[in-house]
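Copied from TrEMBL, the annotated features are:
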- 291-326: domain 'EF-hand' (DOMAIN)
- 1-20: signal peptide (SIGNAL)
- 62-86: transmembrane segment (TRANSMEM)
- 98-119: transmembrane segment (TRANSMEM)
- 139-166: transmembrane segment (TRANSMEM)
- 200-217: transmembrane segment (TRANSMEM)
- 229-251: transmembrane segment (TRANSMEM)
- 384-403: transmembrane segment (TRANSMEM)
- 423-445: transmembrane segment (TRANSMEM)
- 457-480: transmembrane segment (TRANSMEM)
- 492-512: transmembrane segment (TRANSMEM)
- 519-538: transmembrane segment (TRANSMEM)
Amino acid sequence: MPSKYFLLLFFSLFCVSAHGRFITGRPSPTDLVSDGISAVKNPPYLLLKPQFSAEESCEQTYGFLPCTTTALGNLFLIIVYGYFMYLAATYLSNGSELLLEILGPGIVGGLFLPMLGALPDAMLILVSGLSGTTDVAQSQVSVGMGLLAGSTVMLLTVIWGSCVVVGRSDLRDSVAVDGRLTKGISLTETGISTDIWTCYAARIMAISVIPFIIVQLPQLLNSTSGRHLAVLIAFIVSLSMLIAYCLYQVFQPWIQRRRLAYAKHKHVISGILKHLKKSALGKLLNDDGEPNTEVIRKLFGTIDENGDGGLSPSELKAFIIGIRFEEIDLDKDDAVTKVMADFDTSRDSLVQEDEFQTKREHDLLGSEEQSDEVVEGVENPKKITIKAVLMLLVGTIIAAAFADPLVDAVDNFSDATSIPSFFISFIALPLATNSSEAVSAIIFASRKNKRTSSLTFSELYGAVTMNNVLCLSVFLALVYVRGLTWDFSSEVLVILIVCLVMGAFASFRTTFPLWTCSVAYILYPFSLALVYVLDYVFGWS
């Protein structure tokens, strides 16, 4: 295991033994006596305070992590702790993908691995209201709701729209032409296409908002007595949907197979592109989406070691071995067999230069005809399994260690600036927990073909579904057990609007012209504005 794993593991193990909480002294309404704890209710919005009274103090989390009472200091801590949560999310994502490649679709891949991707979010939500008094928990739990809403909204707006932009290609008869982009930024003549299975993933996502509707029923009926019961019922429904979703993946493993295909395709593409970049050969496609003949000829010459004008299986195997994939050990012989079957149209056990040049870049990096159900073999599965488990362990420890300090830093920054903690967590925390997934999705969508687009958007819808069932279950359990008040009507409304609008988009169509990204982009600032207007202008809760 690389040395950085040991360092992170060593540091994180010492971060789970103690606990500290920031205490802020506020002046009393009379400005004569301060009890050192009381806070001003409804402080002015966006009030930056350059200095603090001597009475304000902070206590180091875990006894040694730094704390501060200044706005800039807490902003720095948010960035630092957010980076650690980003590392946790990255380790958990990569570890679960490696484990899925080893185990394949099954019980473990259906029941446990889907939850690991949402673990950092769930951890942050849990610690946001787990400790402290009920009043403190009620104040800090808005951080958890901000993260829950922010993650869902960001995935379905900014990331969704960006995937459409980078993954667009020319539309012909309302279907995207793989790998061909000659019409620039035409809003109606370029776009992306997905398959019917992606529509099914979007429908599952839309159904997963049912617990949000249940928990809001007392507010809709203007009932105060049934709110606590509604939280319990919504929790039971949400937990049941989580279990049902995981079992569905076990008995109908197409979702696992898509996730596995996404992971393997991502690693293979990354490895080959890195190899081509190091070799300074250039891009295999021109800007107009056509094969770059010169670069392909150079690549052919690089692989054709004996210069006989044909690529033999041994030469292809040497090329694949030379790539040295970082995250997975492919079965080299199996990979060579598939490449030969894909390129050798004459069936003479040699890939001629004309056969090699007729294939486009996306065919080279992953055959479009390859089924999602095909599971590649891996070499040395024991070594890869140990690596995957260690990555999952390190990711879990980091998430558990730095979730609480990050929530404290957000809450303290909110106190220092009078910016509601919901908005800070809505904007900032999803960048930490979802940035790795977002970057992978955008890069993967840039392949500009139907298969990679389908896998990308299926991953996005699956991530939102886990937010709506797993993270919400944690949040509802927290509210019910701690006896907190459910006053998140505007936040729930935002989640419902975004999920249902984007779910309706994706459930009944498979082609998305470029103009659809504008709908996604508009929904993000609309969501923020809606929460602010409802909560801080009309006082709706």
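A Cβ is built for glycine as well, from the same backbone N, Cα and C atoms used for every other residue.
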What stretch, picked from 62-86, 139-166, 200-217, 457-480, 519-538, has the most CB pairs under 8 A with the transmembrane segment (492-512)?
-> 200-217
Is the transmembrane segment (519-538) packed against any residues at least 6 beyond its ends, judged by a Cβ distance under 8 Å, and which are they?
-> 45, 149, 153-154, 156-158, 160-161, 164, 420, 422-423, 426-427, 489-491, 493-494, 497-498, 501-502, 505
So which of 229-251, 384-403, 423-445, 457-480 has the most C-beta pairs under 8 Å when paired with the transmembrane segment (139-166)?
-> 423-445
Grab the pLDDT values for the domain 'EF-hand' (291-326) and give me their mean, rounded.
-> 70
Might you confirm whether the transmembrane segment (423-445) is in contact with the transmembrane segment (229-251), defined here as three or more C-beta pairs under 8 A between residues 6 or more apart in sequence?
-> no
